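These come from TrEMBL:
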DOMAIN    5-196  domain 'UmuC'
BINDING   Asp9, Asp115  Mg(2+) binding site
SITE      Phe14  site 'Substrate discrimination'
ACT_SITE  Glu116  active site
Amino acid sequence: MPKIIAHLDLDAFFASVEERDKPRLAGKPIVVGADPEGGKGRGVVSTANYKAREYGIHSAMPISHAWQLSENARRQGKPPAIFMSGNYAKYSQVSQKIMDIIRKFSPQVEQASVDEAYFNLTQEGSFEKAKTICQNLKKDIQVKQGLSASIGLGPNKLIAKIASDMQKPNGLTIVKDGEAATFLAPLSLRKIPGVGPKTEALFNKMGWKYVRDLQKLKKDELMDILGKLGEDIYYKVHGLDDSLIVEDYEAKSIGEQETFRQDVRNPQILFDALKVMSQHIAVSLKKDGFKNFRAVVITVRFGDFETKTRMRTIKSSESSAGKIYSEGMKLLMSFLDKRENPKNKAIRLIGVRVEKLTK
Ligand code: TTP
Ligand code: MG
């Protein structure tokens with residue numbers, strides 16, 4: 001029997017929670033993220049609701065840019081966006097409640113991020129029955145939590161994930177067994193997980209833009225270009241994926257980031273920020289019931305917005321703030337010298353997070 005896998009992703013999650021809880025926000029464009037400080041703010045957008053996206057505002061955009069777009073809209077007589085800081089404790093509570101609802105509809109659920117989950121519906125026996133389950137689930141989330149979600153149904157996780165994004169917001173997209181390759185063919189290559197901006201640029205240079213362009217290649221041709229990654233991509237463009245639903249992951253990472261008021265070269269300022277964030281993360285780990293982490297990840301964004309991420313995997317299982325700090329510091333050091341920062345650029349933002357969490 002073919003598998004029937006679903007992927008659910010909440011629509012404009014943080015912003016939708018705010019809109020739900022604050023009646024004065026109903027129907028308005030909303031941006032959750034850093035303080036825009038009248039256009040001078042230095043942080044980024046966490047998310048924007050769909051009204052605000054009509055102005056071109058989106059996740060990870062500098063908040064100052066979002067402010068400009070909102071001001072442009074205001075000048076055209078449209079309502080300006082409402083900017084608000086996020087209430088992350090609340091979002092994570094809502095997230096847990098949503099996961100509990102999904103668990104009532106499926107015996108096997110994998111939380112993949114704060115607002116998305118894969119779940120198994122194979123036991124329903126047909127895509128028609130699985131579709132009805134998804135419609136009921138969407139209704140239940142709407143009634144109990146006042147939020148809308150988009151769901152993709154497919155023969156594996158890869159297809160379910162891509163499908164859930166096809167008809168956002170409030171979508172339900174079904175790709176039956178045997179339809180996967182046809183479904184993927186017209187999509188742009190960036191829709192394939194694992195094809196990032198660099199790989200996409202490489203493909204574009206070869207004249208390949210859509211999934212169908214890669215579907216024509218042999219596995220060896222892709223492997224000659226990209227090695228193991230080429231092999232992975234070969235299977236993906238044909239809609240093949242045998243990764244399993246991994247239960248038990250309540251969250252894949254816990255982390256924080258800080259944007260400095262001015263770009264920084266002084267190591268002490270960076271280490272101080274790292275220390276405070278490490279302490280916060282250790283507290284969150286405990287609060288969320290995690291025993292250990294096995295990896296520490298540092299993100300550095302330079303003044304020119306170049307952004308680098310480096311990870312250290314730890315052999316022993318650790319949970320202390322001190323360990324996050326010491327591993328984070330080793331990673332951070334390389335950004336202060338030629339190894340990761342040959343041009344001695346100043347640093348705009350650092351982020352630290354822990355991954356490979358166990359309960
Ligand atoms: P997403 O599911 O990527 O985005 P979304 O739910 O806001 O919108 P969509 O309808 O397109 O799914 O991310 C979930 C939440 O994670 C999002 O509400 C805010 C947070 N987030 C960030 O803080 N920074 C980011 O860069 C992204 C992409 C998300
Ligand atoms: Mg979402």
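Just so you know, glycine gets a Cβ as well, placed from its N, Cα and C.
Unlike curated entries, TrEMBL annotations are predicted automatically.
Remember, it's a predicted structure, so these values are computed and weren't measured experimentally.
Rounded to the nearest whole angstrom, the C-alpha distance between the residue listed as 'active site' and Asp9 (Mg(2+) binding site) is 4. Phe14 (site 'Substrate discrimination') sits 9 Å from Asp115 (Mg(2+) binding site), taking the CA atoms of both as reference points.
Ranked by Cβ neighbours within 10 A across all protein chains shown, the recorded positions Asp9, Asp115, Glu116 are led by Asp115.
In this structure, the recorded positions that sit close to ligand 2, with a C-beta under 6 angstroms from any of its atoms, are Asp9, Asp115, chosen from Asp9, Phe14, Asp115.
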